[in-house]
Ligand SMILES: CC(C)(COP(=O)(O)OP(=O)(O)OC[C@H]1O[C@@H](n2cnc3c(N)ncnc32)[C@H](O)[C@@H]1OP(=O)(O)O)[C@@H](O)C(=O)NCCC(=O)NCCS
């Protein structure tokens, strides 16, 4: 009752005012102290206030706890406000996943109701082979061994001094040119090569071209170092390599010029040759089997989703494309973007993670950096530096840095790399389809202005969104262009000339 006598009856409005003033003043001080030590003046004021209002600490504590139990507000920001510094959005991420699953479940149902089951394993075989007794793409791949042997032969002759550097370079240039041109001639001349078979064979030849180019360069660098050492009267005849790890066999130039060494490089998941690759201590069977399982499952998934999801959308896009019905074209493009992107992501995982790790594990190849965190790219440049590490490493080591060393500017060297990359993208698409349209070439060259635009105007999450958008929308545009042109050439010609059927 003493309390009542001291403060008088608490009316509703007075109670609210008392609570809010005491609460807010204490909270302000609390906020101050949370940012660091409370200021000296704040502490002094608090002490003075305590002195003037009450001399009995027990009574003061009682009063304080009573006012605390009555207060239910404090000075604070809303969680979604950026000033709240709240960062835990795990539930929102789960919500996104649930929404994604739900909307895709609807899409799956709609697709099944409209088209039925389109997955057909027999049709997949026909993508690789026109005639079961003729395997031209496989034969083409087997023939590629000739070029590997030619490169080894040339290097051995160069090491023994039978070939001069100039003549050796000429032989290498001829060999590498044939590696690029020979499969083109075969794919264009032999009608039984299917587009898929042709694309695989050309992919193998392109990889071989990049590997043999690297092999030639590294062996030349070794010879140059040997000559420099010989001139400085060094007695070592080996190409300097990093010191060997415990128990590992250390190879020195020209001891590396063997069939075993070259074929190890040909099958290793890298495009850059080295005399002594880092090796893992043993083959982990469980890791190997997991990667193999992923490869098998994801390949099936890729084929199934293409047949069931991509092909019907592409087929339904042909009419709007021919009639140049822009709104329908846009709608089809956006419809295609989702499955196309999903397939690209599955391809990325199955190729850069499952397949490359499988080969690396099998060969005890130690460097497993096949990709970096390209999904966090805030610039287009970062994406190209990180999504395909074997190609990026090759570009830097055998093309970009040599150009810079020859005095080319950074912009010219970068443009040259993108030009070469655009050429190979076009090469891998146009030749198997037997039509030259330059869509892939232009898509790759467009990366230069796009990189400039994103780097100049967009930052952080906006930059990241721009990179994702360019991937999600850019690819289906190219896919639609090629499929449309292929369809016009093959199907419209067939319908225009019924006698041809
Ligand atoms: C063009 C490209 C090679 C540029 O790469 P980048 O990393 O932006 O290039 P940078 O200018 O940052 O420099 C790269 C290297 O050159 C070096 N360098 C830069 N200027 C140099 C100079 N004047 N002299 C010598 N070296 C130089 C850097 O130090 C760096 O070396 P490091 O790798 O040892 O650190 C890259 O964007 C690329 O690979 N693009 C194509 C990718 C592609 O087509 N992939 C196809 C996938 S399907």
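Cβ atoms here come from the backbone N, Cα and C positions, even for glycine.
Here is what TrEMBL says about this protein:
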ACT_SITE  425  active site
COMPBIAS  18-34  compositional bias 'Low complexity'
COMPBIAS  35-44  compositional bias 'Polar residues'
COMPBIAS  48-62  compositional bias 'Basic and acidic residues'
REGION    1-70  region 'Disordered'
TRANSMEM  133-155  transmembrane segment
TRANSMEM  167-190  transmembrane segment
TRANSMEM  196-215  transmembrane segment
TRANSMEM  334-352  transmembrane segment
TRANSMEM  436-454  transmembrane segment
TRANSMEM  466-484  transmembrane segment
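Residue 425 (active site): 18 other CB atoms within 10 A of its CB, across all protein chains.
Counted as Cβ pairs under 8 Å, contacts with the transmembrane segment (167-190) are highest for 196-215 among 196-215, 334-352, 436-454. Long-range contacts of the transmembrane segment (436-454) within its own chain (CB-CB distance under 8 A, at least 6 residues past either end) are made by residues 379-381, 384, 414-415, 418-419, 421-423, 425-426, 428-430, 463, 466-467, 470, 474, 477-478, 481-482, 485.
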